[in-house]
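Peer 1: Features from Swiss-Prot:
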type	residues	note
ACT_SITE	93	active site, proton donor
BINDING	38, 60-62, 91-100, 213, 232	substrate binding site
């Protein structure tokens, strides 16, 4: 199964350009860490991006919560992505009909498709949401993740919802290259979906607001996910951002090496 191959092997065989670029980057930097920078000021976001940049493969943003957003922020994020060799993932979670998301993705204040290598979407509206996003993103070489599972307590993303999300992805592999999920989604030998898992923590089990945490070992080795998404565990203490980023990078990479060796 592709999940158990090295990132380099998966990059060499992957038909999706965005997934190929991500796997090559992960192998090159020896990291499967994504930082979830859920902060509300331009200064904080840029500081986290620069401090964590050497240790991550992906910077995950919520650009619409930045109080002082401007076009210079996007320009600086793109420069930092080049400087430190990481991809930008706008965690937009699109959830409307195709014609609406097409404009939300390509136009408006944020013009997400112009700078974010990756974005994501709920599948609740049906397959039209993928069609609308693809129209904008595919010509730019962007990639889409579908939300198949979430890490919050009581989430409704399970059962038939998850199953149908996987089927939608299979029908749209030119643009959809993976999932936000809690375990591997590859069931066939000829498919290789990237799975990014939120809710990863080394020190805590929850946050009191429904978030549930698992360790990098649980996520990568036991559940077969590919990228660990970490937020407050890294930047919660401003004085330890680089230390924690390096710590999670090493934990995630060591878990990956163990998974590959086991198979």
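Each Cβ is built from the backbone N, Cα and C atoms, and glycine gets one as well.
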Peer 1: Can you figure out which of 38, 61, 99, 213 (the binding-site residues) comes closest in space to residue 93 (active site, proton donor), comparing Cα atoms?
Peer 2: 61
Peer 1: Have a look around the residue listed as 'active site, proton donor' and count the other CB atoms within 10 A of its CB, chains all included.
Peer 2: 14
Peer 1: These are the binding-site residues: 38, 91. Which one scores highest on other Cβ atoms within 10 Å?
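Peer 2: When each Cβ's neighbours within 10 Å are tallied, 91 tops the list.
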Peer 1: Within 10 Å of the Cβ of residue 99 (substrate binding site), how many other Cβ atoms are there?
Peer 2: 11
